[in-house]
Structure formats: structure tokens, C-alpha cells
Amino acid sequence: MMGGRALLLLLVSALLVQIRASDPLLYEPFDEDFEGRWVVSKKDEYQGVWKHAKSDGHEDYGLLVSEKARKYAIIKELDEPVTLKDGTVVLQFEVRLQNGLECGGAYIKYIRPQDAGWDAKEFDNETPYTIMFGPDKCGSTNKVHFILKHKNPKTGKYVEHHLKFPPSVPYDKLSHVYTAILKPDNEVRILVDGEEKKKANFLSADDFEPALIPSKTIPDPDDKKPEDWDERAKIPDPDAVKPDDWDEDAPMEIVDEEATKPEGWLDDEPEEIDDPEAAKPEDWDDEEDGEWEAPKIDNPKCEEAPGCGEWKRPMKQNPAYKGKWHAPMIDNPNYKGIWKPQEIPNPEYFELDKPDFDPIAAIGIEIWTMQDGILFDNILIADDEKVATSILEKTWKPKYDVEKEKEKIFDVLYKIADVPFLAPYKTKIIDVIEKGEKQPNITIGILVSVVIVFVTVLFRILFGGKKPAVPVKPAAEAKKPKATETDGAGSSGDKDEKEDEKEETAAPRRRTRRET
């Protein structure tokens, strides 16, 4: 009887442990407004407005960066700090760059416990954190940051340790999930959309810069290079003498005296002549515009001849050219190598079996970005990888699949908008496509609209009809004085086309003085 009760208690305990393991330590889906649960920084520099908003094309809500070129800061304190020293810890969140990301961050800071009396409203870029993780892009920077702030037990100072060669940020406007898995064997894995992109070891100098464990020795800062230390491996031969026949003044090129003028060379013909078909514009004012000159064109006579104008002998390489003389280099007999200071024991060196992580007491987003439309969602801290994978599959995967399929359709639509004979309609077509990208569940309608325009224009081209109207210049622009109307507006009549041709052939250039 007692054995049965013990077995029952063991089973119940195991079940409770399993249930506990399946629960996330923190999960923020933003199904409800963040106010009251998150604290917006009251520091003056953070003027960016956070909003509880839907992801474009979905009914799912997230935390939105709503304005461009602003600093943002918001924090959520945890009910209980999360320890990172024992077992597996998974940090995961979803972010969508709805308007792209040219310059800005979309990372999360995992804040360590603060000093007594600290107020969450004072959260800023100086607030100490344990880990900073997530995408960052600006200029040459394009990486998924993973930064660990670790305390040196010898000095008591915190040092930022950056993951080397982190993965890059996906270059699109789709939802993506960023996952960092910290293992008890000192391994950290970085995943993007559930796919492993980077594996590293916290204690490896090859994976973090600077290394968590400092080097045993360091260069002696007080060591100085001796004055007679010669680092030159080669020196000019002091015994070398410049040859008597070495002419340093000889030019690199000389005139080819053996060259002869090609037969048929037109000495008296200029390379360019005035355009005989050009005519002085009727509105040309000699006093204001200067003497009118016809534009120049290539002399047609020169096209068939070897050349025109004054013939000159070409230049050729000077066989006597040697350049400036330099003594040949020889091995330096006094060479001692490149000087380095001697190594001394590193006073900051310590040994470590496992990183001494500070707990996570809060999660914060503190960024400065030039783009709006950044949407954070499904922020998770868990001690079980399966929990993170399950949430990814249930929340992110369905949205991503819809977005990816929609992206393919809109790629086709933009290619249709670039078809040359749709040029008069391109602005309207793109406007309709861009509106469609912002609206859920109307992709098919947009596709049908663009296809109708495409077929209609194609039908007109094949079976006749009025040509699309050429955009007409505003009246004020058309009446500008002294304008050369080579690109004048007009309808699609034969008369206007002939006038256009006439204007193009007679297009003069204005000069205030004769070019010489």
C-alpha cells in the first residue's frame, strides 16, 4: 500500500515538473494594449511614440514604432528574475520591418537587476543590461547582434563581449523570428525563423570579441623600444654608384621622327562644323543672349578620311629613358626585427568554467531608428526549446506563409507595371499596388485590376484605338521666356509629330560668346 502511494506521488511530481517545463517564463503576445504592463521612458530624448497596432495585412497586434527619425525606449519588469546560470534558456521575439530598415536597430535588451530605488521611467541607453540581442542595420553594419555584458571578477568591471561574425538581417518587409538558445555547456545558438545561423561557445576567443577569459599575459605598457633598434629589413646599398650613362632627365616619350602623314589626310578640313540645318530661334535676343551660333556637328568629310586638321607626328616610348636612379636594396646587417614590448602577467586574468551571467530582471527596447513601421511581437523567455518552437509554429509561421505568398504576387505586379507600353498608366498602377500591400485580403482584387489594365492596353495596341495622351506641360511652364521647346507637349496628331521633329532637328545651343 505504501509502495503504491509513493509511486503515485512520484508520478504526480513528474507530471507537475512536465507542466512547469511547458510554461514560458515570459510571453508577451501583445493581444492587449501594452499600457499598464510596459513603462515608456520619460527621458526627454525619447520622443518616439509607441502604438498598439496591427501588422500590415493581418489581424494580429504588436508593439509599433510609429514615427521616423526618433529615439524610443520602453521597458517591462519581470515578476521574478530569470537566472541564466543553470539549464537551457531561450530568448525569442518576432519583429517585422514593414517599411524596411535603412538605418536603425530592432533589438531587445535583457536588463539585469538595478540598484535600489531605480525607476523604470528612467530607462535609457545607459541602463545596464545582461544581453542585447536582435537586428541592427546602418551603413556597413548589417548584423543580428548578440552582446553579453560580463563582470570581470578581478576588477569588478563589466565588459561588452560581441559575438563574432553574426548572421545578417533578412532584407525584406516580412515577419521574422530571432532566437538565441543558451545551453548549460556554454554553447549559444542563433536562429532566424527557426533555422540555425550561428553556433558559438561563450568561452572561446574565436567566437567573442573580446574573449570572456582574458589572455594570461599582456604587452608591458611601460616597455620602450631602444633608440638603436633597427626595424629595416632592407637598406640602399651604400657602396652603389650611379652609372655614367644614366640620364635622369631623359623624357619617357619622344616624337616619332619616322612617322609619315597618312595618305588622304585633310589638312584644311576642321573636325567639327556648324550644323547646316540649325536655325536661329525666333525668340533669340542678340542683346540678351549674345550672338547666336549654330550647334557644332562632326565634319562628315572626316568620317571617310584618315583624319582632319593639322597633322602632327605621334609620340613613342623613349628607348633611352631610365628614370630617376636609386641604389639597389641589400640586406640590412643591423636588422633586429619588428620591436614588440615584452609580455607581463595580465592583472585582469581569471579562469572560468561557466559564464557568470547576471539574471534578467526586465526586458527593454531602446533604439534610435530612421524608419517607422517596426513591429515587435511574441516576445518570449523559456527554459525549453520545444516551447519556443511551438509558439513560433503557431504564431509566426502562418503569418509568414501568407506574407511570402503575397510578396511573390506583388513582385509579379510590379514587373507588369514596368512593361514599356504601360508607361502612361504606371503611376496609377503602382499607387494601386502599394495600397494593396497595406490592406489585408485584397491581393486577388489588386491582381485582377492590374491585369484588366494590362489586357485593355494590349487590346488597343493590337486592334487600334486612340494612343495614350502624352502628359501636357502646365501653361505657366509652357510660357516661360527664352525656353527651347524641344520637348514640347502635344497630342497624338500628325501635325504635332511633325512639329516635334522640326524642333528636334533645329535644337540650337545658347552661347553668350563665341567659343574658341
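Backbone N, Cα and C define each Cβ position, glycine as well.
Because the structure is a prediction, the values reported are computed rather than measured.
Features reported for this protein in TrEMBL:
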SIGNAL    1-21  signal peptide
DISULFID  Cys103-Cys138  disulfide bond
REGION    212-310  region 'Disordered'
COMPBIAS  219-244  compositional bias 'Basic and acidic residues'
COMPBIAS  245-257  compositional bias 'Acidic residues'
COMPBIAS  265-276  compositional bias 'Acidic residues'
COMPBIAS  283-292  compositional bias 'Acidic residues'
COMPBIAS  293-304  compositional bias 'Basic and acidic residues'
TRANSMEM  442-463  transmembrane segment
REGION    471-516  region 'Disordered'
COMPBIAS  476-485  compositional bias 'Basic and acidic residues'
Intrachain C-beta neighbours of Cys103 (disulfide bond), sequence separation six or more, cut-off 8 angstroms: Lys137, Cys138, Gly139, Thr369, Met370, Gln371
Sequence-remote partners of the compositional bias 'Basic and acidic residues' (219-244) [C-beta within less than 8 Å, at least six residues beyond its ends]: 325-332, 334-344
Neighbour count (Cβ, 10 Å) for Cys138 (disulfide bond): 14
Tally of residues which DSSP labels helix, strand or coil - the compositional bias 'Acidic residues' (283-292): 4 helix, 0 strand, 6 coil
